[in-house]
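Report on the following structure.
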Amino acid sequence: MRPGCVLVFCMCISVFLHRAISQPPTETDTYTECTDGYHWDPQTQHCKDINECETIPEACKGEMKCFNHYGGYLCLPRSASVIPAPEPPNQIHPSLENTASEPFNPCPPGFEPQGDSCVDVDECEQDSHDCQPSQQCFNTEGSFSCQCPDGYRKVGTECIDIDECRYRYCQHRCVNVPGSFSCQCEPGFQLAGNNRSCIDVDECGMGAPCSQRCYNTYGTFMCRCEQGYELGPDGFACNDIDECSYSSYLCQYQCVNEHGKFSCVCPEGYQLLGTRLCQDINECETGAHQCSDGQTCVNIHGGHKCVNNKSCQEPYVQVSDRCTCPITKPGCRDMPYSVVHRYMSITSERSVPSDIFQIQATSVLPGAYNTFRIRSGDDNGDFYIRQINNISAMLVLARAVNGPREYVLDLEMVSVNPLVSYHTSSVLRLTIYVGPHAF
């Protein structure tokens, strides 16, 4: 049997039954008056609810929110939501049902006849839906649905923002915004490509304010300094360390602070030995002196002296390397027979007692007894003689002395032979230069 025949057959039976059990109105075929809160919709031939929240300006005052309701409206706090009981679309209020005014529709709810078949009614296109302005209407087979935008969920007829942050989508911090959310990272991190994870920021490669060395760490960075510098209070700048202020023993003479290091310098007449010690410069060996041909260069600590080769004074005469006083001269009667000149240099603050010079007799007569003494030049008693044996003695520094200073000591050896009534003496004239430093 063809579908069209079935539809005609059903329509005939429906019309027949309707006219059999319904009695026609006596005055009119339609009702166009509705109760309060509703108005007549000539298109749908139904009473439709009035949305007072849209038609009444400022329906709710203050912090109250307007919620439309069947036949009226409610003023509730803005945080409240109304969840109405669901009902089929296009449902007619029971009290307003008037079957006599409705055109006969042989199709199921949500469909309308078209020719010999029933087609779906697109309530969204006909604007016969009740979706909120913030919602989107989607037509379905025989009905429609109201859906909320992304980031919202439907509670009753309202769309409520979804707090995505409570689902811990973000690794560090989550900021909820209407309809969405955003992730933020702690200082030292940045959002990864997925906009949720946080990855470390290499501050060293992005121009960290370290003045010398930068080391990246997880979530931050550290500044470090080269040797000879220390990190300043701000944690970024490197300040020079004044090593010289820490100790007076870094250099033997003087410490000079430099950027990132220090250096040692020596006084005039000295040169560095290694990096910290000072060594006397022997100008007599290096040729850095100006002594004449008739002079002898004597090196001393921190300098040199030029002494005359012929230094004999009357009544002495020069004989080889010494001065002698002939016994034939009357002025030589009480004088040492010979005088020999010698030179030496010692440092200041030398530890005492200290052996500094040994006296050695070059010739001794048989049967003679020799004694050694300081004949002159030691007015303060800074030295003494310690005799070793009959032919030698040691000059000893008895007290610490500071330079620069010069001593001229006459060290005398007295020879006596009682068997032949022999008595003579000889002098070693020792010039001692005390250097200005302890090195």
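Please read every residue number as a count from 1 along the shown chain.
For all residues, glycine too, the Cβ spot is worked out from N, Cα and C.
Bear in mind that TrEMBL entries carry predicted annotations, made automatically and left uncurated.
The annotation signal peptide is assigned in TrEMBL to 1-22.
Residues annotated as domain 'EGF-like' in TrEMBL: 120-160 (among others).
Summarised by DSSP class, the composition of the domain 'EGF-like' (161-199) is 4 helix, 16 strand, 19 coil. Taken from TrEMBL, the feature domain 'EGF-like' covers 161-199 (among others).
Marked as domain 'EGF-like' by TrEMBL: 240-279 (among others). The list of residues near the domain 'EGF-like' (240-279) in space but at least 6 beyond its ends in sequence, with Cβ under 8 angstroms from a Cβ of it, reads 226-230, 301-303, 436-437, 439.
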Revision key, fill the gap. DSSP puts the residues of the domain 'EGF-like' (240-279) at 3 helix, 18 strand, 19 coil
